[in-house]
Structures are given as structure tokens and as C-alpha cells.
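What follows is one structure encoded as C-alpha cells, with my remarks underneath.
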Amino acid sequence: MINLSLPSPANLLPPPPKTLNPSRQKTPPTQTLKNPNFEHLKTRLIHQASVGHLRQAISTLDLMTQQGLTPDLFTYSLLLKSSIRTRQFHLGKLVHARLSESQLEPDSVSLNSLISLYSKNNDWVTANTIFENMGERRDVVSWSAMISCFSHNDMESKAISTFVKMLEFGEYPNQFGFAAVIRACSNAENAWIGDVIFGSVIKTGYFESDVCIGCALIEMFAKGSGDFDSAKKVFDRMPDKNSVPWTLMITRYSQMGNRKEAVELFINMVESGYMPDKFTFTSLVSACAELGQLSFGQQLHAQVVKYGLAFDVCVGSSLVDMYAKCAEDGSMVNSRKVFDLIPDHNVISWTSIITGCGQSGKHSKEAIELYCRMIEDQVLPNHFTFSSLFKACSNLSDPDTGEQIYAHVVKMGLAAVNCVGNALISMYARSGRMEDARKAFDILFEKNLVSYSTIVDGCTKNIDSNEAFGVFHQIEDTGFVLDSFTFASLLSGAASIGAVAKGEQIHARLLKAGFESNQHIANTLVSMYSRCGNMEAALRVYSKMERLNLVSWTSIITGLAKHGFATRALEMFQEMLNADIKPNEVTYIAVLSACSYVGMIDEGWKHFNSMYKEYGISPRMEHYACMVDLLGRSGFLEEAMQLINSMPFEADALVWRTLLGACRVHGNIALGKQAAEMVIEKEPNDSAGYILLSNLYASVGQWNEVAEIRKTMKKKNLGKEVGSSWIEIENTVHKFHVGDTSHPQAEEIYKELDQLVTEIKEVGYVPDTSSVLQDVEDEQKEEFLLQHSEKIAVTFGLINTSKPKRITVFKNLRVCGDCHNAMKYISMVKEREIVLRDSNRFHHFKNGICSCNDYW
């Protein structure tokens with residue numbers, strides 16, 4: 001039946017309290033029974049204890065003792081049970097002291113009450129001392145109380161071994177003993193023991209007759225082994241369910257990620273006539289928050305009001321969280337309304353509103369202000385509060401405020417808590433302060449996988465992939481099993497610098513780790529390969545995916561668009577629609593970009609107009625920028641300006657910058673100047689607008705205007721981003737700047753480049769000196785063209801690789817017209833495919849032709 005070889009608990013208990021062993025008088029004095037005042041005081045004491053007025057009851061007890069009237073054991077048991085019921089444990093200990101001072105010998109009932117008292121007060125040592133000294137007075141209630149004590153105090157092994165000792169002692173468990181030991185089996189380590197005990201429960205008949213056992217079994221199956229099918233079977237077979245098992249099932253479904261099932265079960269609960277309580281609503285509202293079901297969440301809110309729970313702090317906190325997570329526009333209006341209605345705020349409600357403000361990124365300053373109010377109200381924050389505050393500081397790029405908050409963390413002794421340390425690492429990383437992020441990581445006492453993943457993610461986002469891969473090797477040394485998030489971060493890091501070889505290594509590692517079927521990983525692989533210039537590999541990963549979700553479709557459409565394969569991208573989009581996958585805002589950015597890259601104006605308008613008409617998606621700033629780019633590239637500058645003027649909101653710097661770039665291509669000085677003024681107005685401290693306007697003037701030879709712009713930039717201390725290109729050879733990234741001579745192979749590179757230019761001139765290459773936006777002689781302009789970083793990087797690739805390997809180069813700025821033309825000739829004379837990714841898109845050069853068809 002049960003394995004009786006389970007180890008007994010170690011004999012590490014302290015000696016029994018002295019109060020348990022005084023000489024006792026077996027019966028109260030006879031005169032007590034005859035005193036007419038005895039029954040009156042006893043009746044008063046019983047009434048006071050039953051209504052929870054325990055202090056008054058103890059005062060009556062003392063009065064009886066002072067008058068020489070000795071209360072009986074029933075009175076003491078009643079007082080002990082009252083202290084347990086009202087959770088006034090300190091008063092229960094006072095009753096225990098009075099009992100010890102009396103001349104009464106405690107019976108099993110009062111001793112069992114004492115075990116329960118100390119158990120619920122988390123004092124398992126005293127409870128066990130009382131239990132061990134009961135000797136022959138131990139009964140099934142005593143054993144059950146002790147098993148429950150160990151289970152309640154997270155001592156599952158002791159609870160199970162005590163259950164086994166009870167059987168050896170000859171006591172057969174009742175429903176309370178079974179429920180207590182089953183609760184001790186509600187973890188992965190002990191779930192198998194619970195299965196054995198479950199068999200005994202069925203034989204005894206308790207399974208279908210006791211709600212407590214049913215709830216314990218639900219807990220064991222759901223939490224212990226994640227077996228929701230068995231948990232649901234137990235629930236369905238319970239004949240006399242009340243709201244407790246309903247709420248338990250709903251809560252466990254919600255907590256374990258089965259949120260749809262939780263919602264469906266709630267509907268069944270209401271239809272079955274059971275009344276939900278605050279715990280039911282808290283779990284359900286949380287499920288709605290995770291599912292993004294605002295409509296159902298609002299219906300639940302109405303039910304909360306109906307049941308009179310609108311002012312409950314737990315329910316209110318879950319509603320605050322739900323409204324924050326479900327607001328499509330990131331609004332906190334409804335969350336603030338709910339928060340303000342809660343009469344007595346605690347750390348949970350404050351943390352909910354602070355977290356809500358920080359998570360959308362739009363109300364991060366408000367999160368800091370709320371924290372100040374929280375401190376003023378003398379509510380102490382916890383580790384979750386601080387984690388949310390660091391996220392708010394990250395959103396604001398305000399690590400200085402974050403450091404002030406960290407001082408509070410240290411003062412409260414929470415610096416060693418993982419989630420706080422991880423949030424601090426993320427804050428520094430997102431603010432670009434990787435040295436501080438690394439320090440925060442290094443001083444974290446107990447690092448977990450999230451800690452390593454956070455620092456890896458920070459390194460990759462700050463384009464420090466070598467550091468990221470170094471941390472990756474540290475993770476392997478620690479023995480942690482890498483998760484999908486870490487692999488995804490490493491793949492993103494490889495993609496950010498175009499390190500396809502490193503990406504391939506990570507791909508091999510994740511295949512070995514068994515993540516090949518993970519949808520999130522597969523989507524990241526598609527993105528990594530496409531961003532690294534290997535669209536064939538991206539398509540291979542995509543074709544092997546068993547299930548495709550919206551992210552899968554959007555990733556492949558974006559990749560095809562960036563590589564200039566617009567027709568294929570639009571075909572993929574239509575396949576997605578045929579598969580009944582609804583596009584979102586990001587999908588439409590990819591579709592409109594595809595149209596822009598090849599000048600498909602009619603197709604672009606068709607998709608732009610269908611966004612809201614067919615799918616209810618209101619165009620955002622990025623969608624208008626795509627359309628402005630599409631019209632501007634095609635030379636329809638006035639139409640682009642009309643579109644900007646018709647926008648339902650004020651155009652931002654991105655839209656005006658897009659128009660300014662098109663004006664430069666088509667030489668429209670007047671409109672370009674207007675666009676530049678708007679860019680500078682929107683972002684006065686960004687050099688991009690000045691540089692684009694300067695280039696526009698330079699392209700038409702207006703050098704005086706160029707000089708004025710450069711003077712203005714110098715006064716404002718605005719610098720131009722230095723152009724650079726990089727290439728990965730044998731797992732090492734080599735980076736080059738304009739005219740770079742710092743590389744060890746510099747002499748060999750320039751010698752080869754001179755020879756290369758001679759070769760391509762022989763087949764028709766003519767340097768395009770209009771790409772040099774400086775007022776110098778043509779001969780010097782041609783020399784400047786020779787020093788462009790992309791030409792240096794491609795030449796380095798030719799020296800260090802052999803046919804037929806393609807050369808893939810990445811550039812931080814837009815490729816110039818001369819380099820674009822030169823790459824076509826180089827691909828022809830060297831019979832090599834060259835892939836160049838600039839700041840805007842990919843160019844595939846092969847046999848003298850570029851994939852963009854010179855439309856870029």
C-alpha cells in the first residue's frame with residue numbers, strides 16, 4: 001500500500017517545555033462545582049470566546065481563578081480554538097501559560113489544540129515537542145495535526161514520514177490526515193508518493209465524500225505533476241462541490257498558463273449556481289490580463305461590483321493590472337480610476353499601479369512619482385516594486401534616478417534578490433552603460449539563468465557580441481540549462497553585427513539542446529539569417545517549421561522585403577491571409593516597405609487602404625513613413641507632401657526625414673529645405689536633419705549653404721556619424737572606417753584595391769564624383785571614393801576568401817552611388833556574389849547586376 005521504508009524524521013527536537021510536566025490535580029475542587037458564580041462566569045467566558053472577544057474571555061478566566069474557581073479543560077480548549085480561529089496566536093500562548101499554571105492535566109483535545117496553535121504560528125518545534133510528549137494520549141487527530149503542521153511549514157518529507165509512522169503506530173488516517181499528507185505531495189519530488197496514497201484514499205471511500213481531500217488531490221495533480229487532466233477528473237467526480245474547489249481549479253489553471261480553461265470553468269461555475277469570491281475574481285482577472293481579453297475583464301469588473309468586492313485591495317490590484325495590460329494605446333486612465341477607489345492601499349496595490357505605468361513605457365515618469373507617494377504613505381516597497389521601478393528608469397533612459405532608488409534597495413536589504421539585481425542589470429544595459437551593467441551582474445550573489453540571459457541580451461543590444469558570447473560560455477560552465485530566451489538573445493546579437501558564422505554555431509547548439517521545434521527560436525533563426533544576408537538559409541528554416549504564427553509570417557515577409565524580393569514578399573502575405581492569419585501593424589510595415597523598395601505605388605496604396613477597411617488597423621506613423629518613402633522614391637514629392645498634410649496626427653521627424661531623403665535623390669531644394677526645417681524643429685539635437693540638408697545642397701553645388709550648415713552644427717556641437725563597414729571572416733568581425741589604415745593587412749588591401757579599380761575601369765566603370773559631397777577637385781574626389789569603407793571591406797573579403805564563397809559586407813550608413821556602381825563591376829570581373837547591407841536594405845550583386853535594379 002505505502003512504502004514503509006521511508007525515513008523517519010531526525011530526532012533533533014528540543015526538550016519538552018517545563019510547563020507541560022508539573023504535578024497535576026486530576027479533578028477541580030468540589031466547592032467550584034457548588035459555587036453559584038461559576039456557571040455565570042463560565043457562560044460569559046464561552047460567549048466572549050465564541051464571538052472572538054478573546055482578551056475579554058481571558059480576563060474572565062483570570063477573574064474565575066482569582067475567586068478560587070477552577071475552569072475545566074473544556075473552557076481552556078474553547079479558548080485555544082478561539083485563538084486559532086481568530087489567528088490571535090499571541091493570546092493563544094497566553095491561554096497555554098494559564099493552562100500550565102492550573103492544576104489540570106491536559107487531555108488529548110487540549111493538547112491537539114496546542115499542536116494546531118503552534119503549527120499555524122509557524123512554530124513547528126514547540127508543536128512537535130507537545131506531540132512527542134503526548135505518548136499514549138496521541139490519537140488520529142494528534143497525528144493529523146502534526147502531519148498538517150509539517151506540511152504547512154514546508155517540511156514535506158517530515159510530513160510524509162510522520163504519516164508513515166502513524167500507520168506503524170496503528171492509527172488509520174482520517175480525511176484530515178489524508179488531506180495533509182497529500183498536500184505534502186504537491187511538488188515534483190513527492191508526486192509519486194501522492195499517487196500511492198491516492199490509491200488508499202479511493203479504498204477508504206474518502207475520495208468522493210470529502211471536499212478537503214478533493215481539493216488536496218487537485219493541488220497535488222496540478223502543482224505536483226502538472227497533470228491537469230487528472231486534476232479535472234478529480235474535480236468532476238467530487239459530488240458535493242462548494243466554491244472552494246471551483247476557485248482552486250480556476251486559480252491553478254490561471255497560474256499554470258491554462259488561462260482559457262480558467263475562463264471557461266468560471267462560466268460553468270456561475271451557470272452551476274456557485275458564488276465566486278475575491279480569490280476567484282483575482283485569479284480570473286489576472287487570466288484576462290495575460291490573455292489580453294479586455295472585454296471579458298470589463299464584464300468581470302461589473303460582477304465584482306455586483307458582489308460588493310470593488311473595494312477589496314486584492315481584487316482591485318488585479319483590476320489595475322488587467323486594465324494596464326489590456327489597454328491598446330497604453331492608457332492608464334482606467335487603471336488609475338480603479339486604484340483611486342481602493343480605500344486602503346498596501347504594497348500589492350501600489351506595486352500594481354507602478355508596474356502598469358512602467359510596462360507600456362508611456363507613463364514611466366508617473367511610476368516614479370507614484371513611488372514617492374507610496375513612501376510618503378509609509379508603505380514599504382518589496383522586490384517586485386523595485387524591479388518595476390528599474391524598468392521605468394530604463395524606459396526614461398534615466399539610470400541616475402535608478403541609482404537613487406537602488407540606494408533604497410540596499411537600505412532595505414533587497415540588493416541580493418535576483419529579480420531586483422536582474423532589473424538593475426537591464427536598466428544599465430538599456431541605457432548603454434554596459435560597464436555598470438557588468439558590475440551589477442558581477443556583484444549579484446546568486447546568479448540565475450535570467451541574470452545571465454539579461455546580461456547577454458544587454459551585450460547584444462549594445463552590439464557587443466564578443467562579450468555576449470563570452471558570457472554564453474560562462475553559462476555553459478555553470479551547468480545551467482540554456483533557455484529559449486538566451487538562445488534568441490545570442491541569435492539577435494549575431495544578427496546585429498552580421499556575424500552569420502556565430503549565428504550558425506548557436507544554431508548548432510540549440511539543435512543539440514532540443515530547441516529545433518521551439519517556435520520562438522525558429523522565428524528568431526529566420527530573422528537572424530535574413531539580417532545576416534543569407535536569405536536562402538532563412539527560407540530553409542521557415543520551410544521546416546511545423547507551425548506558423550503571425551511572427552513567423554511577418555519575419556519571412558520582412559526578410560524578403562529587405563532583400564528586395566518584393567513580389568515574393570507580397571505572395572507570402574497573400575498566403576498568410578489565405579491561412580486565416582490576421583496581419584498586425586508590424587506585418588503591414590513589412591508589406592509597405594516591400595512595395596517601397598521596388599516602387600509598386602498602386603500595390604502600396606491598395607495595402608495601405610486595406611489596413612483599416614479590412615482589419616481595423618489604424619495606420620501609425622511608421623505606415624505613413626513607408627508611404628511617403630514609396631511616393632518620394634518614385635519622384636511623386638508633391639503627393640508625398642499632400643499625404644503628410646492629410647495625416648490624422650502631426651508628422652514626426654521620421655516622416656520628414658524620409659521626405660528629405662527623397663528630395664535629395666530628386667534634387668528638390670525648396671521642398672527639401674522645408675522638410676529639413678521640420679526635422680530640426682522636431683529633433684534639434686540630432687545631426688541627421690542638418691547632414692541630409694547639407695548633402696542636398698552639396699549635390700547641386702551650393703557650397704556656401706553647405707558651409708553655413710556645418711558652422712551651425714559646430715556651434716551646436718553636433719557631429720556626423722562616421723561611416724564604417726564590417727565583414728566576418730573565420731568567425732572574426734573586421735571593421736573598417738573611411739580611409740582606414742589601422743588594419744594589419746592595410747598595405748595589402750590598398751594594393752589590391754588599386755588593381756581592382758584598374759580592372760573594373762577596363763570593363764566600363766567610371767567613378768561617380770557627384771557622390772563626393774565636398775568642394776574639391778575631381779582628381780581628389782576620385783581618391784576619396786577609393787577610400788570608402790565598403791570598398792575596403794569588400795577588397796579585404798576578396799583577399800581572404802576564395803571562390804565560390806559569397807562576400808557579405810555590412811555598412812552603418814546608406815551606400816553611396818559610386819560604391820553601388822563599383823560593386824556591380826567587381827561582382828562581374830571577380831565572378832563573386834557580393835551582398836551589401838546598408839542602413840536601409842540589402843543589395844545582392846551578381847554578374848554585374850544588383851537585386852534592387854538600381855532603384856534604391
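Just so it is clear, glycine is given a Cβ too, placed from its N, Cα and C backbone atoms.
The annotation compositional bias 'Low complexity' is assigned in TrEMBL to 1-11. According to TrEMBL, the feature compositional bias 'Polar residues' maps to 24-35. The feature domain 'DYW' is assigned by TrEMBL to 764-856. The region 'Disordered' feature in TrEMBL is assigned to 1-35. Annotation source TrEMBL lists repeat 'PPR' at 139-173, 242-276, 346-381, 448-482, 518-548, 549-583, 584-619.
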Three-state composition of the repeat 'PPR' (346-381), taking helix and strand from DSSP: 27 helix, 0 strand, 9 coil
Within the repeat 'PPR' (139-173), residues counted as helix, strand or coil by DSSP: 27 helix, 0 strand, 8 coil
PLDDT averaged over the residues of the repeat 'PPR' (448-482): 70
Counts by DSSP class (helix H/G/I, strand E/B, coil) across the repeat 'PPR' (518-548): 23 helix, 0 strand, 8 coil
